[in-house]
Amino acid sequence: KMTLSLALVALISAFGSSFQYGYNVSVINSPAPYMQDFYNRTYLDRTGVPMDSSFQTLLWSLTVSMFPLGGLFGSLMVWPLVNNCGRKGTLLINNLFSIAAAILMGTSELAKTFEVIILSRVIMGIFAGLASNVVPMFLGEMSPKNLRGAIGVVPQLFITIGILAAQILGLNSILGNAKGKALPQDPSVGSMGEDFSQLKSRVLAAGWPVLLGLTGIPSLVQLLTLPFFPESPRYLLIQKGNEEQARRALQRLRGWEDVDDEIEEMYQEDRSEKEEGQFSVLSLCTFRGLRWQLISIIVMMMGQQLSGVNGVFYYADRIFESAGVDSSSIQYVTVSIGAINVVMTLLAVFIVESLGRRILLLAGFVLCSSSCAVLTLALNLQSTVSWMSYLSIACVIVYIIGHAIGPSPIPAVMITEMFLQSSRPAAFMVGGSVHWLSNFTVGLVFLYMEAGLGPYSFLIFCAICLATMVYIFFIVPETKNKTFMEINRIMAKRNKVEIQESKELEDSFPPGKREEKKALSSSEM
């Protein structure tokens, strides 16, 4: 059952880490013109000449793309950090990145430096890269098997809430503005009115640095609350060999005293892994017993990012514009898409345990590929058939729904489930790196693709969705309500390997000998 402890851990770690990932993905979209204006003014102040447009474009694309690049670096830090500092420890250390970046971004305008913004985007990326891998791992290891999927979708839910929060705060009427862009200067107004308009524009000018700096608040909340909650019991028992602490953590998370079954299951997992020891990324990639698991997470992570979700979000504004939505209300339309995203991910939390992971992944990719195909058609016929523009709006919405129920939330859950304790950190490192590399690639390539292919670029996304779907249909097993060991057995058949869990191994560790076993396991680490 869901206990208060478990719910709070899930909410605090998702709000403190995943929320900010989403927030920083979309936070610079609304204030972009004001920020570019600031880059320009700063450059002019320093050099006395205005910045030429190609340099400005370069600086802005760096500002945008440094975030996924940082995410890649963050993913590469997962393995050493979670093995040495624990899952909870890593999340706490990670907050320092975010708070540092928030302070730098919040003060960048006062300090008159745009380089700091670009640097902070890298730092925020590192934070997000760690967060996007460690939170699902931490929560997946803490959850009982019947809630693992639902709790595993919570980080993605908070990512979408973060995106929505940034969109709402970024509305021009709130923080997404700068020096009185919205104020026409009327020369006939007397000096009193002028003072007022200057004051108003100065207040507005404070907008975007605050918007960028707000990201430090969730980190502070997490830094102050998470230490009061237990570390992952699996980490405590299997990697630290501390049964007493693991038992206490489990009792707190489960809300009852008798946790022997779960402790026994962890020992069983530990025994089956004693053969292999801790996996590094290299040994993971060359180990035959985990081959299909590895291929599966790479395919799912690539499918998730290369299915064009960023392209669709990016295109949404233009699709609505061509459908005749008034340009001043477009930002509200974007917000409503963000809201649909949140609602559908919330739905996934509630259905992932009843329907299972596989169905959601398959259904999600079906919706995405079909809406991409229809979107290509609609965008091409828009100029000739009047109602086509409404069809393209419908496609965007169907696409967002499809992505939110499966491709977005499920892959991280599956990484937690398809790997055992010793290989999980390495697996998250691989999955995370693929995720961020693909994200970076789409961000880089999409503009060129769109310039060259126009609406046909969605056909490429359609093909990627279809390919991913076919792979999942044939290879990826259903994992709901199974223990990590049971999932491991299913995959072992596919890998055509034997699993080490023979009876004599179990008998060689009577309860009294567990102390020796601990000594063994700590010496092997």
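Glycine too: its Cβ is placed from the backbone N, Cα and C atoms.
Automatic prediction, not curation, is the source of TrEMBL annotations.
What TrEMBL says about this one:
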SIGNAL    1-18  signal peptide
DOMAIN    10-480  domain 'Major facilitator superfamily (MFS) profile'
TRANSMEM  58-79  transmembrane segment
TRANSMEM  91-111  transmembrane segment
TRANSMEM  117-139  transmembrane segment
TRANSMEM  151-175  transmembrane segment
TRANSMEM  206-229  transmembrane segment
TRANSMEM  294-315  transmembrane segment
TRANSMEM  330-352  transmembrane segment
TRANSMEM  359-381  transmembrane segment
TRANSMEM  387-405  transmembrane segment
TRANSMEM  426-449  transmembrane segment
TRANSMEM  455-476  transmembrane segment
REGION    502-525  region 'Disordered'
COMPBIAS  502-519  compositional bias 'Basic and acidic residues'
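Take the transmembrane segment (387-405) and the stretches 206-229, 294-315, 426-449, 455-476: counting Cβ pairs under 8 Å, 294-315 has the most. Here the transmembrane segment (91-111) sits against the transmembrane segment (206-229); at least 3 CB pairs are under 8 Å, leaving out pairs fewer than 6 apart in sequence.
Sequence-remote contacts of a segment are chain residues at least 6 beyond its ends whose Cβ falls under 8 Å from one of its Cβ atoms, and for the transmembrane segment (151-175) they are 6, 10-11, 13-15, 17-27, 29-31, 132, 135-136, 139-140, 142-143, 182, 207-208, 210-211, 214, 331-332, 334-335, 338-339, 341-342, 345-346, 348-349, 352, 404, 408-410, 412-413, 416.
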